[in-house]
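Enquirer: As annotated by Swiss-Prot, ATP binding site applies to G332, P333, N334, T335, G336, G337, K338, T339. Marked as domain 'Smr' by Swiss-Prot on the basis of sequence analysis: 711-786.
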Amino acid sequence: MNERALKVLEFYKIKEKLKGFVKTNAAKDIVDNLKPYTNLYEVEMHLEETMEALDLLQTKGEPPFEGVYDIRDILIRVEKAMVLLPGQLLKVASILKSSRRFKDYVGRKHEETPHKNIEDICEGIELLKGLEESIFNIVISDDEIADRASLKLYGIRRSLRDKNDSLRDRVNSLVRKYSPYLQESIYTIRGDRYVLPVRAEHKGSVPGLVHDQSSSGATLFIEPMSLVNLNNEIKELLLKEREEIERILEELSLKVYNNLDVVNVNAKVIWELDFIFAKAKFASHNNCTLPKVSEDGIVDIIEGKHPLIDTEKVVPTDIYLGKDFTSLIITGPNTGGKTVTLKTLGLIHIMGLSGLLIPAKENSTIAFFEEIFADIGDEQSIEQSLSTFSSHMVNIVDIISKADHKSLVLFDELGAGTDPTEGAALAISILENLRRRKCKIVATTHYSELKGYALKTEDVENASVEFDVETLRPTYRLLIGIPGKSNAFEISKRLGLGEDIIEEAKNNIESDSLKFEALIEKLQSKSIKASDDARRAEMYKLEADRLKDKYEDKLKIVEETREKLLKGAQEEAKKLIKEAKEEADEILKNIRELEKMGYSSTARQKLEEERKKLNSKIHKLEEKEENLNKEKGKKIKEINLGEEVYLPKLDQKVIILSKPDNRGEVQVQAGIMKINVKLDDLRLVDKPKEENKKGRKREAKLRMRTVESEIDLRGMDSMEAVYNTDKYLDEAYVAGLKEVTVIHGKGTGILRKSINDMLKRHPQVKNYRLGEYGEGGTGVTVVELK
């Protein structure tokens with residue numbers, strides 16, 4: 001598709017709107033590269049995938065895109081075997097989690113509507129739950145690793161806690177001892193070492209190492225000698241901790257490297273799905289529908305709207321082309337809205353051919369064009385010193401050299417910018433050249449000569465945009481088959497031009513021209529009514545077809561459900577018979593055992609009675625199973641037209657409308673539908689007896705399950721996190737847990753604030769606090785339950 005048409009028809013503005021619905025920069029790059037596809041198969045496939053995504057949005061809600069990131073830079077680091085940072089690993093895990101959840105989201109039960117294209121895309125997803133869980137279990141936040149990431153790290157941190165506790169006790173003792181010499185009775189930390197704020201004049205009173213001083217020089221930060229060894233031990237442990245963390249990160253990065261191809265494919269699938277669902281959301285937001293795509297150049301756009309015009313102001317218009325004519329000449333005044341019609345037609349086609357649903361009514365048809373050419377607007381080059389006419393002609397020459405039978409050509413004010421007589425003649429010649437090549441052409445003009453050309457030329461049709469002379473505004477409604485009327489006299493009169501001047505002007509025009517204008521006016525009013533009636537009739541027909549299809553689908557579902565129920569009842573009966581026979585065999589076995597053991601004849605008699613009861617039960621069940629295979633009621637022997645009979649297949653009464661044909665079928669009225677059925681399938685209406693329906697009691701079972709002592713919210717948005725936490729706290733309370741941990745990560749703090757706001761109001765929460773060192777710090781909240 002040539003870039004000039006995409007620019008002139010403002011497809012880039014559509015893409016900017018589409019970007020507003022994507023989640024990742026990777027998907028935005030896909031949007032940037034979006035353009036019409038080069039073959040019909042691709043167009044239809046991408047339209048179908050958009051429609052499938054729209055259906056999933058409507059039936060299953062928002063897809064699981066929480067925590068989807070653009071990790072292309074991270075994957076480049078992995079490809080170079082570089083060690084990833086904790087935050088980068090979390091983004092990789094989030095992509096894996098999203099791809100896994102998306103596979104569940106798209107997965108369907110047998111009776112659900114298939115979404116073939118999206119399901120095929122999701123086939124590319126390979127689950128790496130082990131790697132995903134490894135990362136989430138080890139990495140708590142962008143800058144924190146879990147204590148239990150390894151036994152060694154756990155031991156180091158436990159030693160750190162013990163050393164820090166000892167050091168704090170020791171330093172508190174020193175604070176009390178040296179308090180007369182301190183600026184404040186506190187301790188502080190400088191360079192990971194505990195120090196005391198000693199007044200400068202007493203530095204000799206506190207033996208130790210000076211690490212820093214205040215900006216005024218009045219305070220020295222001294223590490224007492226008695227703390228040096230403990231501080232050194234802590235420093236040593238911190239270095240070991242850092243080394244172990246680096247080892248753990250290297251190990252995780254290696255796992256990502258070993259699965260790089262799978263991670264890469266999963267990420268690309270998620271980004272593609274992000275793009276597809278953005279198309280669906282765009283369609284929903286703009287009331288777009290799925291068009292049919294014609295390979296024969298047939299266009300039938302029903303109530304098409306320009307997608308860039310305000311929805312409250314845009315006027316829908318019908319545009320059709322390619323069946324009865326291949327060229328459409330839209331005439332009328334310059335302010336008549338002709339250019340909007342051109343742009344609407346062109347932009348709707350570019351959208352549809354790019355896999356986007358179109359802003360038009362259902363059952364609209366677009367044509368598959370390999371090229372769309374547009375000469376719209378005044379785009380002359382100042383540098384080239386081109387006039388308006390020359391600028392247009394340069395573009396027209398290019399179009400003529402490239403256009404063929406698979407092209408749509410749009411001309412705005414063809415032949416304008418030069419002498420009217422020469423311009424009109426040139427316009428007709430250009431149109432003829434392209435028409436002979438079987439191009440589909442829509443051209444606007446205000447030259448009257450082109451009206452005559454359209455009237456006398458095969459495959460060319462006149463059209464105009466309706467104009468309201470009362471308001472002096474175009475209605476933007478396209479009237480195909482009616483040439484445009486200038487309305488110059490009516491407009492001038494409305495604006496206050498004298499009646500005498502208007503009459504004199506009319507006298508200067510040939511009477512034939514005036515009659516022609518009057519004829520056009522009459523044709524316009526008749527055409528509008530005929531067009532409205534035809535379109536309304538078409539809509540009624542489509543609605544009737546839709547209802548018919550819907551009824552037939554329901555009929556099919558009823559029949560399938562009935563067969564399933566019948567089969568289920570038969571299976572249940574067989575199962576009961578089998579159980580009863582097994583019970584009888586057990587009784588016989590017991591009888592033989594009793595005989596061997598010398599039991600009394602009374603005991604034997606009782607067992608025989610039980611056996612007879614079971615035999616009776618088996619006989620009844622077998623009869624019931626046999627009856628299930630028979631249709632209800634008696635067969636019909638005589639046919640009486642208009643008689644009400646019973647049709648078991650539909651489980652409803654029907655009326656006989658005809659005698660049996662040579663296939664043994666009769667026509668019956670079932671509700672609003674007339675259908676043919678086998679005479680043998682009908683039963684007398686008085687025979688089917690409705691049994692009293694007994695409600696089944698439902699057994700309520702209390703389901704208890706193990707509740708974890710922590711919940712991981714990373715990768716969720718605030719709303720989802722609050723909902724899941726609220727539900728989790730209720731389950732934890734019922735399970736008897738007294739203390740739980742909510743992992744929200746550090747990040748920007750928005751998620752933590754949302755959780756804290758919810759905890760303040762939760763009825764099961766007694767108290768809560770941020771995690772301490774080793775628990776996860778500010779990346780977790782510890783909750784005490786009532």
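Cβ atoms here come from the backbone N, Cα and C positions, even for glycine.
What does the local environment look like for each feature on the list?
Expert: DSSP assigns T339 (ATP binding site) to a helix in the three-state reduction.
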Enquirer: Could you find out if DSSP has G332 (ATP binding site) as helix, strand or coil?
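Expert: Its secondary structure by DSSP: coil.
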Enquirer: Relative to the Cβ of G337 (ATP binding site), which residues of the same chain, six or more apart in sequence, are found under 8 Å away?
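Expert: Counting only residues 6 or more apart in sequence, the Cβ neighbours of G337 (ATP binding site) under 8 Å are V465, P474, T475, Y476.
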Enquirer: What average pLDDT does the predicted model assign to the domain 'Smr' (711-786)?
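Expert: Taking every residue of the domain 'Smr' (711-786) together, the mean pLDDT is 83.
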Enquirer: May I have the DSSP-based helix, strand and coil counts for the residues of the domain 'Smr' (711-786)?
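Expert: Tallied per class, the domain 'Smr' (711-786) gives 32 helix, 19 strand, 25 coil.
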